[in-house]
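What follows is a short report on a single structure.
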Amino acid sequence: LINADSLTNILANQYIGVYLFLTHIHFAFVTVTSLACLIFLVINVIIIHTLCSRPVFRETSRYMLLLGNLVVADSFVLFMGQFMYMNSAFYVLLSYPVCGFYIMISYLSAQIAPLTLSVMSIERYIAVCFPFHYPTIVTMRNTAFAILSVWGLGCVDILIRVLLVLEFPFHLLPSLQMNFYCTSTALLRGPRFNIYETASTTVLFLLSALVIASSFIAVMVVALSASTDKVSADKARNTLLLHMFQLSLNLMSTMGQPIFNSVAALEDPILAGQLNVVVYVFLVMMPRCLSALTYGLKDSSLRPVLMSQLCCHLQFKEILCRTR
């Protein structure tokens, strides 16, 4: 017969074994996601460098929209998402002001992509439906104004969110140190904040989808007419389909937060942690990783330059490894 002390030791050893196994799995997930995030951030930096270093890209409105908003915003979302994930993985507790700053930066970056896709769709609509007026409408000055307007709208949205968060009586708390790792749900949000978040996100994606769909329909109508450039119309149609696909990826990323909230309510912490990793990889990380890479490989002008830059970096690393 096994006495009580022996049974306690057996259970303790089993618990330690399970804990060590889960710790190794946890560390492996953090390592893999961090490496993937780093790789795609490097690719985004190469794309930004390519667009900035060549006048043919730097002086073209379409590439400035891609550079000024989409790649930069997605890079911020990717970096902040991985940063927040690592904080939760290593149980790093922040203060409410620091957590709020990180959350608002993430919100701002996430708002930029749908607005940018809408502007890029309008640019393609003008290029196909009003080709003779395109040089006078889509100028670098108007492009800069569009970029500033997108970021301005995003900042106004963040300002409203900050004011709604400040409605919470933080002065009644014994300390501003958080007892849980930093997430948007842990930021002590009130009912008005939740209502505003749901309404603003819904309006943003519905308007973006409406703009892209309207541009697509207009381009299709022009493509069916006999007087238009079929090749240009087909390219614009494919680009708008890509914008719609990218918008759906952004919507998936936005839907990740309600799923995180549902997972956090599970009673099994081990299962909740595993599901959080799956949701983060497929709904937050993957859409942002695919964004700039998809546009970079799809564009016939940018693709050879981007591939050349990537190959040069790989060859340089190979030479460094050989010299060592």
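Glycine is treated like the rest: Cβ placed from N, Cα and C.
What TrEMBL says about a protein is an automatic prediction, not a curated fact.
For the ranges 63-83, 168-188, the feature annotated in TrEMBL as transmembrane segment maps to 63-83.
Through the fold, the transmembrane segment (63-83) approaches residues 33-34, 37, 40-41, 44-45, 47-48, 51-52, 57, 102, 105-106, 108-110, 112-113, 115-117, 119-120, 123, 140, 143-144, 146-147, 150-151, 253, 280, 284-285, 288-289, 291-292, 295, 302 of its own chain, all at least 6 residues removed from its boundaries and within a Cβ separation under 8 Å. Within the chain, the transmembrane segment (25-51) has long-range Cβ neighbours (under 8 A, six or more residues past its boundaries) at 57-58, 63-64, 66-67, 71-72, 74-75, 78-79, 81-82, 85-86, 89-90, 273, 277, 280-281, 285, 288-289, 292-293, 296, 302, 305-306, 309-310, 313.
Sequence-distant contacts of the transmembrane segment (238-257) (same chain, six or more residues past either end, CB-CB distance under 8 Å): 77, 110, 113-114, 117, 120-121, 124, 184-185, 201, 205, 208-209, 212-213, 215-216, 219, 279-280, 283-284, 287-288, 290-291, 294-295, 298.
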